[in-house]
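Here is what Swiss-Prot records for this protein:
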type	residues	note
COMPBIAS	458-475	compositional bias 'Basic and acidic residues'
MOD_RES	S144	phosphoserine
REGION	7-31	region 'Interaction with Gp41'
REGION	213-221	region 'PPIA/CYPA-binding loop'
MOTIF	16-22	motif 'Nuclear export signal'
MOTIF	26-32	motif 'Nuclear localization signal'
Amino acid sequence: MGARASILSGGKLDEWEKIQLRPGGKKRYKMKHLIWASRELERFALDPGLLETSEGCQKIIRQLQPSLQTGSEELKSLFNTVAVLYYVHQRAGVTDTKEALDKLEEEQNKSQQKTQQAAADKGVSQNYPIVQNLQGQMVHQSLSPRTLNAWVKVIEEKAFSPEVIPMFSALSEGATPTDLNTMLNTVGGHQAAMQMLKDTINEEAAEWDRLHPVHAGPAPPGQMREPRGSDIAGTTSTLQEQIQWMTGNPPVPVGDIYKRWIILGLNKIVRMYSPVSILDIKQGPKEPFRDYVDRFFKVLRAEQASQDVKGWMTDTLLVQNANPDCKTILKALGTGATLEEMMTACQGVGGPSHKARVLAEAMSQANSAIMMQKSNFKGQRRVVKCFNCGKEGHIARNCRAPRKKGCWKCGREGHQMKDCTERQANFLGKIWPSNKGRPGNFLQSRPEPTAPPAESFGFREEITPSPKQEQKDGELYPPLASLKSLFGNDP
């Protein structure tokens, strides 16, 4: 306890206890924070005695800083505490933790700039993975397993979508041809795509050999041979030769050249894996403009065209392939509108309010079409006729003429139209009484039968007709003539 408490004393301890944990906060650093920091250093297998000097704090900072991205909250708190303690030893007069961290970052940036400037003055390349060792020699550091794992994960998750190319470019920064071949060899699947990539590399290597022919005669002593296309691809050159080419004077950036060939092949693969043309990207009738823009630029990244052509596609096709609602808005903005202005103007298109407005307009158009169809209907309208006055255009209930007495049908008094016994006219326009034979649209006489009467076999009793029926039948059917004249003596 005593040793840990003796890290600071006197004026430094007073300055330590004045520093705030957070900007504008009430809590301040105390002795217990130093005791906790020394215990944490022991847990991380570091010497707590390093906290007693500014040089020791600087060593702890260099040791802990690479682990901040993946470290726990305790590790970050320990780093912050050591950074504040470092400036207490320096008598820098910091007031809170954030100020100490900002000051530390500023110092590290200045130190890095000085290192890069000194390396540039000496003509030494600092590109990873070729670095300079303590003896001043340029050595190669292999790609870390974490870098290779990130590349394999991108291929597995994204296949060969357009975002694979910038990811490859970032992971292969400063790499040698050997490193680039290592990245390509880690791709397990997609062998058809890898074969396409090899074909592109071979074509570019042959083009390099054509444009850079080998000079006749042996190379001058002390001078390296010029790289061939296969040397740039890493198949006929060693790692040491690649390093010498990349760090020579003048340098030959074989890594960057090979990387450019690979990206050219990846562009062809992305094009194959993204068969959709930019001309086919059109906004759906209910699709939000933001989703349409996302799809448009994703396919545009896969297009093998210059930046000027892509700019023309953006200015022309983005508006041309929008749906009618967005197209109307975009044309009103004019040709000089930025993408931000377009997305802001079309923000509500496709949303609930816009859908309701479009639905209301569609229903209004449908109703107007129905009304026009009704107005154009050429069928005859039903004529309304008044039973009271006999005029057309109104009914009896609305008639202003004096009320007619009696039946509206026959004109007689004593009954209403619903009780009228007068027959209506048939479809021939003739009225027939009910007691004067058959209706006028039926035959008034029947043809006389020529067959003999049916024989009776005694299966049922004959029905005796009534006198009235006989009289009626006598009127309708006159007696038949004798049939003896027809059949002679036939019994």
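Even glycines carry a Cβ here, placed using N, Cα and C.
Taking all protein chains in view, 10 other C-beta atoms sit within 10 angstroms of the C-beta of S144 (phosphoserine).
With DSSP states grouped into helix (H, G, I), strand (E, B) and coil, the region 'Interaction with Gp41' (7-31) comes out at 9 helix, 2 strand, 14 coil. Here the region 'Interaction with Gp41' (7-31) returns a mean pLDDT of 85 for the predicted model.
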